[in-house]
Ligand SMILES: Nc1nc2c(ncn2[C@@H]2O[C@H](COP(=O)(O)OP(=O)(O)OP(=O)(O)O)[C@@H](O)[C@H]2O)c(=O)[nH]1
Ligand SMILES: [Mg+2]
């Protein structure tokens, strides 16, 4: 009996990997990052895209991944938490992304420039620049604070002056919580990715392995620095400056957070991300 349970446990652990490889057979695997300020409606939109029944969602803590099949694609959407404290994690996922969806909250006039700045930062990032981006003006329900045309107009300078023009970008309006239909936008994103799939895949492969190598190097350098710091402290010679300790702890915290996300991801994307 204990042996049988062990077998079941083993099978349960292996199953996600088995299922992913089985489902993804012959399908093009693509990763899309879902970005936007907190409460802009990313998770609600994701539920809508997956045609799931709308239920109220909690704020995303860090990261969540959803996978489903659309036409020839096995689509993985990385729904990244939009709270300020989580935004530093976003760029870690850009290298493996084939495209992005950026959600703007049409009701949040007060934070619109903050959202635009985050959009600009994202599309200028080395790992995202030039990739297809769907910008969604969400919460376009009755009486929304900003009209779609005004949003479109206010994104123009960003498009003209910066990298939004370099990305293949499309803007769609809708209301994720009401009857908004974002399938058209998703379809545009998938078709655009399809048109340059090989090019994007080569870039993703190259950038992801470079990123993994760099992060692993940074991790070992950090470990080395911590080791030296411990030796330094144990000898209690000249005290270590408090600023050095704090900045080291800060970077360790970031790595721990990121590694936690990565380990969650590696369960879902075997072969794509190596911890
Ligand atoms: N009126 C309206 N409310 C919406 C819409 N989309 C989302 N909401 C609501 O906005 C709130 C935040 O939605 P989420 O989907 O959790 O937002 P999020 O961008 O995922 O937020 P974080 O996970 O914190 O980054 C929820 O109460 C949703 O019900 C919309 O199109 N219209
Ligand atoms: Mg969310």
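Each residue, glycine too, has its Cβ placed from N, Cα and C.
All TrEMBL annotations are machine predictions without curation.
It should be emphasised that the depicted structure is a prediction, and the values quoted were computed from it without experimental measurement.
For reference, TrEMBL has these:
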BINDING   36, 37, 38, 39, 40, 41, 42, 43, 82  GTP binding site
BINDING   43, 60  Mg(2+) binding site
Residue pair residue 82 (GTP binding site), residue 60 (Mg(2+) binding site) - Cα distance, angstrom, rounded: 8
Contacting binding-site residues for ligand 2, chosen from 36, 38, 40, 42 when the Cβ sits under 6 angstroms of any of its atoms: 42
Residue 42 (GTP binding site) versus residue 60 (Mg(2+) binding site) - Cα distance in angstrom: 9
Sorted by sequence, non-36, 37, 38, 39, 40, 41, 42, 43, 82 residues with Cβ within 8 Å of centre, GTP: 103, 105
Residue 36 (GTP binding site) - helix vs strand vs coil (DSSP): strand
Number of Cβ atoms other than its own within 10 Å, given for residue 38 (GTP binding site): 17
Those binding-site residues listed as 40, 43, 60, and which of them has the most Cβ atoms within 10 Å of its own Cβ: 40
Neighbour-count leader, CB within 10 A, binding-site residues: 36, 42, 82: 42
Secondary structure of residue 43 (Mg(2+) binding site) (DSSP, helix/strand/coil): helix
